Amino acid sequence: MDASSGQLLDAQEILEMEMAIALSLGETPAASSPVVEESPQNTIVRFGANPEPIDTDHPLVPHKTDLAVARGKKRTSTQAFEGKDLHWEERKAKRRADIAEEIRKLDRSIKIKPPLSMRFPTGALRITRTPGRKAARTPNTISLEELIHPEYLDSAMIFAFFIENDHLFQFLPFKGTTYYRSDVDVYIGRDLSMDGQGKNFAGFEGKTPKGADFDRVSDAARVGYRRQYGENFHAFYPRMQSGCAHTKWMLLVYSDFLRVVITSANLMQSDTVFGDNVWFIQDFPRLYSNASYKQTRFEVHLRQHVEDLQCPPDFLSDHLTPGEFDFSQAQVHLVTSKPGSFSGDETYKYGQLRLRDVLHKKVFKNEERTPKRLEFEICVGSIGLLDREGVVKNFLESCSGGLRDSIEGKPNLKIIFPTYQDVQESSGWGKGNISSHMDWNALEESSAEYLKTVFHHYRSKDPRCLFHSKIILAFNSATKSNRRKPPVYMYLGSANFSAGAWGKVEQERRSKVQAEKNVTVRLEKVANFECGVVILGKRIEGMLEKGSRWEDIIPYERPTEHNRYKEGECPWKVPKENFEAASTPMALDWEVDTDDLDVDSGDDDGEGEDQGGDEDNAMHEEENEDFGSDGDGAEEEDEFCGNRLSIQTAEVQPLSLEALRLARLARFAS
């Protein structure tokens, strides 16, 4: 960028200006400066400093010179600095000030860009700024434009189950964008089964690459993306045996801080623009050499999850080495999942046992009085096979931090999820991202009948919006009369209500208990990578804009008797034919697939079988005997409800864009 362009100076140009001043003073620029490799003559002339050799005893200083002199025209002796008897340091300071003034005279419109300042040093909770909220100027909303500042980025690591390339990449410094900078490394991770463009680079026509195909396709994707978007694009993919890579987060590195963003949103327009999603954001300041440092549990878990996702080690070594950033003010507790079964020393590291451990040790420990019994409010985008009361209790015991009183009798639970009617009356954006996998007709036994009573309509505070949120709220039953009192805690993140996301808790074998320090439980069959945060209820309002109440961060109408499901109503389920179309080998252009189905995987069967990814597992109709499988469970017919509700799939009117995409899928499938 030329100094006369009137644009902001970037870091390279600031270094060049410093070099011009240093050389004009007879100083040597730092060897580490990248501008040393450039021609000193060109650098000085570029910024208007005199390229003549300087006599350090009697230095020449530009004095009321015109532009021609500033650009290197030979000076006369009358321009010599007259104050030769001044102390050298004073002359040096005068020299530096005059050169700086000379540079400013070249073009008064030059502005030196200051570094980006931290906006969220104490954490923030936000919901998606949908068009309706934008028009109404609703507080506590956020957009990608406000989260990502590509002109300031030093690096970034971004991960989501599904990424709409054209939508996200416009906010990143890639080739072909306004903000392209080849020196800013950006690491993009996702589930390979959901990367249509990446698979196209390898000519792969299947759904989920495995084994040697995984290596071939991921290598081809890395090369293809770098050719198309620049050498600073680093694609990476976790190797999956079953389940899906479902984490949704951004780690954005700036010169003075690291921004951590954890969300329920896939990085696609239906989630980041048109649908209800929740976002946690916090900025962590950079530590400098003389700063005191103590490693925190948040930092340890953050780094561990980056490693679990198999992000290239360069990002870890460059930006997440201990002591790089100060995480001491972390306002939340990180809860992650990774595929596998865990016992012994790993029992409480992942899934619902990690949630249980955080609640027991961190949340209730900080409560003035530990609640005896909790009641729960859960809103998630995908619901597993909740076919018995015991299935729900298995998870709610972890949601209560092990407080068994909370699950005695009929747990006080409210689930917020749309019915077919709700989806029909919505805009249609994102309807394929949410689905129930319950066999509603099977909920007739006395042990499961009560589950029908816990469901409530999803009604967005921005009318006609659907959602992709994953929220758990827990309230102290003793204060239920005060509906405005904050919850004991709030969870938000990527994990749905399923065993694929959270795993299931089982009693440890007696011989194992003796060997593993009396750890009496173990976590089985986690299928997915997940990431979320637990927030103490009393901290919520401090993360909102001034004057807000805690309920302002909840994007839906709170459940009441008024919006409880009535007789004949049942949860929305993505029609089976949509799964079949989505898994068709001919349907290669996933980035324009209407449904971009974000439905968690089924559990690993323990045999090492290849159960495929997200949509593949949705087609498995085996029912898990314990907490929530993510199998589809869809029947052949479209009439799902107990009274043969007549709402057919065709009656749910999609947007014209979605209709076009469905037509493309139908053409491929045929």
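Glycine too: its Cβ is placed from the backbone N, Cα and C atoms.
Copied over from TrEMBL:
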- His246: active site, nucleophile (ACT_SITE)
- His468: active site, proton donor/acceptor (ACT_SITE)
- Lys248, Lys470: substrate binding site (BINDING)
- 595-640: compositional bias 'Acidic residues' (COMPBIAS)
- 595-645: region 'Disordered' (REGION)
- Ser498: site 'Interaction with DNA' (SITE)
Taking the Cβ of the residue listed as 'active site, nucleophile' as the centre, how many other Cβ atoms fall within a 10 Å radius?
30
Spatial separation of Ser498 (site 'Interaction with DNA') from His468 (active site, proton donor/acceptor) - C-alpha basis, Å:
15
C-alpha spacing of Ser498 (site 'Interaction with DNA') relative to Lys248 (substrate binding site), in angstrom:
17
What whole-number Å value do you get for the CA-CA distance of the residue listed as 'active site, nucleophile' and Lys470 (substrate binding site)?
12
State the count of C-beta atoms found within 10 angstroms of the C-beta of Ser498 (site 'Interaction with DNA'), not counting that atom itself.
30
Given a separation of at least six residues and a C-beta threshold under 8 Å, show me what packs close to Lys470 (substrate binding site) in the same chain.
Ser264, Val278, Cys379, Val380, Gly381, Tyr491, Leu492, Gly493, Ser494, Ala495, Asn496, Gly532
